[in-house]
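As recorded in TrEMBL, the features of this protein are as follows:
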type: ACT_SITE; residues: Cys319; note: active site
type: ACT_SITE; residues: His378; note: active site
type: ACT_SITE; residues: Asp401; note: active site
type: BINDING; residues: Asn441, Asp443, Glu490, Glu495; note: Ca(2+) binding site
type: COMPBIAS; residues: 1-11; note: compositional bias 'Basic and acidic residues'
type: DOMAIN; residues: 311-404; note: domain 'Transglutaminase-like'
type: REGION; residues: 1-30; note: region 'Disordered'
Amino acid sequence: MSETTDKEKKPPLNGRRALPSNNSNDEENEVPEMEAFGLIPRGFNPTDYLRVVDIHMFKEPHEINKQQHHTDKYYNPKLIVRRGQSFQIQVDFNRPYNPETDRFWLEYLIGRYPQQNKGTYIPILVRDVLKPGEWGAKITHKENNSIRLSIMSSATCIVGKFRLYVAVLTPFGILRTHRNSATDTYILFNPWCQQDAVYLDDEKEREEYVLNDVGIVFHGNINDIKLRSWSYGQFEENILDACLFLMDKAELELSGRGNPIKICRVASAVINSRDDNGVIAGSWDNTYTNGVPPSAWTGSVDILLEYYSSKQPVRYGQCWVFAGVFNTFLRCLGIPARLITNYSSAHDNNANLQLDFFLDEEGKVDATTTKDSVWNYHCWNEAWMTRPDLPVGFGGWQVVDGTPQETSDGMYRCGPASVQAIKHGHVCFQFDAPFVYAEVNSDIVYLRRAKNGTQVIENIDTTHVGQLIVTKEVGRDGMMEITEEYKFQEGSEEERLALETAVMYGVKKQTTQDTSYQPQTDVDMEFQVQKAVLGSDFKVTITFRNKSRNTYTATTYLSGNIVFYTGVTKNEFKKHSFSAKLEPYSSSAFDVVIKSSEYLSDLLDQASFHFFVTARINETGKILAMQKATVLEIPSLRIKTQGAMVAGKEMSVTVEFTNPLKQTLENVTLRLEGPGVLRTMKKEFRQIPMNSTLIWEVKCIPNRPGLRKLIASLNCDALRHVYGELNVQIQKP
């Protein structure tokens, strides 16, 4: 054979390793069916020896394996088990098995270059006893030509799709079963197993954080919390394969895939498309050409399946979309996970624990010099695992975030960061704890450049950021507050101590001593924004309380801005100045009316406004400053069902919507999905005139009994974030 062809066949090697890297679950190697020990004598006939005729995997959803391993919900024909827990298979031979003379063993292989020391080639001998959490097999039953085996997998083994071979020893060589994809076995993380790094001891929490395939996203803002359902769909067809593909895409070495820390770290990078062509392309500028607006998605399934087939980033996502897809990935692999919302989330671009808002001479925020922003809310995920790489006490919930905000070790990713470490200010522990600490703990500092060039601090707001951190309740659709998992009581001694610890560990905290700051203490200012429905007028009420014996006049400026939910301003739609007379020892209130005609033409996705109020006390020259976000009420979709709701029988679902705006809605898209009831359906409507009602009826055949959820969304350029949902009880046939 000439040298060139020989070289072409071999994969490229480098000088450091004898084998190429093994980072694809999809690739396979050729396994010989006859592995001879030397020359084979002429009379050798393999059929004279023990031979495997068939292997039964007990892989149906109602059979023992999927039932015991909590994998019966996966819409996948192959065997799916969780590591560190025994499962059953049956091997049929051509004659009764004789333990005295016959020798056979099992082989599990993963990837293209299986090696025993990497955990990618696993030979399993039959033994008398199974040790918990270690690979082994024992015969539990013999009948005629068949044996029943109980197989135990290691509680630390690789998570992925393994190939199974049965090998029989003969005097002249090893005989193996041929490659049969029907015996492929998926092995997942096991939160039910005490030796597994993701072990969770509460059954109700396991049902929520691993097995629940729908969840709630909390959005809106701190003064007006809104919620919508999200379909995770981790058990739907092809989703498990799509999630394993993500690890191949991230080129995570197979031998590292038993470690939830490594998996979370690479997944937080591959969920977004920045720097690695990952799953979702983010867009925050309100233009969503050639893609789906983030608000239109109702779940993760469409996104993951599109990425799995096209291998190109899916357009478009914002934080809750990244978090929703990340949650699907984690739950699908068996890592307990939940979606978190942090209200008034700081995006501190220089990690100095303060957000600097620069005011100009009039007391307005100067957009050119202000680089930090406060997001109305930001969604991330928590994944549950032990942290053997950190000191004791930092295991449990870990923050992971797939939204591309800042780079970490050169890539857009974030986490896993221990929630416990963030609370106590121990931000020296990997990964990205300082960034998350700043998201929930920054101070807002209002600065003004004085005539002589020095910066004067006009106001410091220590309580605005990270006021409320929430997630879905376990077993119910309500909201559970988890702020105290991230931070101590505002103003407490412990909080001060945690801050000093964080500063000691290198979180930059600018001192305010070098810039003179004496606030006006004898006048308080507050303002309230009236709750309003999209398309109506509302008012902002500014209240002053003068606690002194002096009479003051306050030159007051209100600025109303239409903002992205990230706190970035699109434009100022309302400017209003007035002079307020503040009598001694009294309160005075002033109303400013906001008309719908002032804001409707520029409204963005989430109908978010941001109001700044600054007041200068003329007698002292001091400035009071405050900011608040507000969200309009967006009308919702109504979902109804007709007829009996029985698994396997056709049912009818109707979606209705009435247009509340004083204009015709054009090019409207409706989406409807419900895991176990119907695959995502879409319908386009050219126009919905003002005050008219749209009705869309679909027929579907639910395939799973139990309590399911239908989720719908409506989208058009003038109106987004319109949702509806309905719980339906599907009966057994």
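Cβ coordinates come from backbone N, Cα and C, glycine included.
Shown here: features listed in TrEMBL, placed on the structure.
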residue : record              : Cβ neighbours (10 Å)
Cys319  : active site         : 27
His378  : active site         : 28
Asp401  : active site         : 30
Asn441  : Ca(2+) binding site : 24
Asp443  : Ca(2+) binding site : 21
Glu490  : Ca(2+) binding site : 11
Glu495  : Ca(2+) binding site : 17
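Looking at the domain 'Transglutaminase-like' (311-404) alone, the prediction's average pLDDT is 90. Using CA atoms as reference points, the active-site residues Cys319, His378, Asp401 were checked against Asn441 (Ca(2+) binding site), and the closest is His378.
Each residue contributes its Cα atom, and for Glu495 (Ca(2+) binding site) and Cys319 (active site) these two points are 28 Å apart. Taking the C-alpha atom of His378 (active site) as reference, the shortest distance to any of the recorded positions Asp401, Asp443, Glu490 belongs to Asp401. Between the alpha carbons (Cα) of Asp443 (Ca(2+) binding site) and Asp401 (active site) lies a span of roughly 22 Å. Excluding Asn441, Asp443, Glu490, Glu495, which define the Ca(2+) site, the same chain contributes Thr462, Thr463, Val465, Gly466, Lys487, Gly491, Leu499 within 8 Å (Cβ to the Cβ centroid), listed in sequence order. On a Cα basis, Cys319 (active site) lies 9 Å away from Asp401 (active site).
The two recorded residues, Glu490 (Ca(2+) binding site) and Cys319 (active site), show a Cα separation of 26 Å.
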